[in-house]
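Lifted from TrEMBL, the feature list:
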- 7-25: transmembrane segment (TRANSMEM)
- 31-48: transmembrane segment (TRANSMEM)
- 57-74: transmembrane segment (TRANSMEM)
- 80-100: transmembrane segment (TRANSMEM)
- 112-130: transmembrane segment (TRANSMEM)
- 136-157: transmembrane segment (TRANSMEM)
- 164-180: transmembrane segment (TRANSMEM)
- 169-322: domain 'O-antigen ligase-related' (DOMAIN)
- 186-201: transmembrane segment (TRANSMEM)
- 213-233: transmembrane segment (TRANSMEM)
- 309-331: transmembrane segment (TRANSMEM)
- 343-360: transmembrane segment (TRANSMEM)
- 366-386: transmembrane segment (TRANSMEM)
Amino acid sequence: MNNIKYNSLVLVIYIYFTSISLLLAPFINDYFFKSTFLICLIIATLLLNKFKFTRKIIFFYGILTIFICLNLLFVSHKSYVIADGVNLLVYSFIPVYLIGQKVISFTLVKKNWIRFSVLFTFLLPIFYLYRQNGYISYYEIGFLSHLNILILVIHLVEQKRKSIKMIIFLVINVLILAILGSRMVLVASIITSVFTFILLSNKKSFTFYLKSFLMSALVLGIVFNLREILLYINNSISKVGINSRNLSLFISQLEGRIDESTLLSGRDDIYPIIIKYLGENGTFPSGFGIARKLTNGIYYHSHNFLLEMTLIFGITGLIILVSVFLYKIFILIISRKIGENQIMLRFLLILFISFILRSITGTYFATDLILLVCLGIIVSINTPGIKKINNKYQH
């Protein structure tokens, strides 16, 4: 039980490890510290679990390593393949190892995650100062708020008696994200929160429909008065010396003063290149690093998850991956009353929605902590067959 307790804590530390690394941003190279911290966390995980590996984990990393090695044999951009392959191997290790071997408790993960969200809400003033002084980016402070929002919304929806303190923490994180963070992360937070409410609420309760009606009315009110609301907030914070890139871009977009290329922040340069390449070579895998090669190293990835997956695995590989993903979810749904499968299913759906929305114009799958937790859950799902699951459920 102690190992499960510590492993669950390690997973939450992993989820926040980028934000933890940023605490030392003014004093030490962020990349160096983050890499060192992650390696130390991996070593601690292995020591804690006495270097035990199940056949499932060995098989998963064996297949991934073989794919990377084959990729190296058939391409000229070997340094790009090594960089992306090593990133995926290292960044995915903790969630795949811990969740895949079922040595954590998602109930404990949720409790620890809530504690971390409260702690990092109190630390937001430090991140604000770092952001204002250029030590961290708008995406980094926005992603921290996003992590906090995800678990706070889950916690509040599941609570019968809503905690005023937790509501205040949620509002603080939403405001920080809206003012200082990324537009796409803000949109992802809002849509994922609505999805979480629908997924976790008791659909048989009258209050669910009442809350849904009130939320719909509130959303409509905000949408029809969005420009005026954003102008008021932007003017208010400007008076105290806070300039919001996020709000200014939203307002400019609503007023039609910026074009699509400004919103894409240069990503409109890469999309035509990728789409043209896929039109000619999209059937079979092109492997890691191909986006870098096509753009002469200017872009690390294609800035779109679907395009990136099609580039790496080809349309054929993408169909196989999607089929496996859907089958695993199906297995989890029909076995949701066994063990922690219900909470695993909820986490998987919520976190995957978060990633998909953020990945439309940004985050890279190989280092996205949220997606890699989803990968760990997918790897952990056994596929014993529907009859066996039904028999286990009946007993």
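Positions of Cβ are set from backbone N, Cα and C atoms, glycine also.
Here the transmembrane segment (31-48) has long-range neighbours at 3, 6-7, 10, 13-14, 17-18, 20-21, 24, 90-91, 93-94, 97-98, meaning same-chain residues at least 6 beyond its ends whose C-beta is under 8 angstroms from one of its own.
Among the listed stretches 7-25, 57-74, 136-157, 186-201, the one sharing the most Cβ pairs under 8 Å with the transmembrane segment (164-180) is 136-157. Contact between the transmembrane segment (309-331) and the transmembrane segment (366-386) is supported by 3 or more Cβ pairs under 8 Å, counting only residues 6 or more apart in sequence. Beyond the ends of the transmembrane segment (112-130), by six or more residues, the same chain brings 8-9, 12, 15-16, 19, 22-23, 25-26, 136, 140-141, 144-145, 147-148, 151-152, 155, 169, 172-173, 176, 180 to within a C-beta distance below 8 angstroms of the stretch. Counted as Cβ pairs under 8 Å, contacts with the transmembrane segment (366-386) are highest for 7-25 among 7-25, 57-74, 136-157, 186-201, 213-233.
Contact between the transmembrane segment (7-25) and the transmembrane segment (136-157) is supported: at least 3 Cβ pairs lie under 8 Å, counting only residues 6 or more apart in sequence. Count of Cβ pairs under 8 Å against the transmembrane segment (186-201): among 80-100, 213-233, 343-360, the largest is for 343-360.
Within its own chain, the transmembrane segment (343-360) has Cβ neighbours under 8 Å at 106-107, 110, 146, 150, 154, 184-185, 187-189, 191-192, 195-196, 199-200, 304-305, 329, 332-333, 336, 368, 370-371, 373-374, 377-378, 380-381, counting only residues six or more beyond its boundaries.
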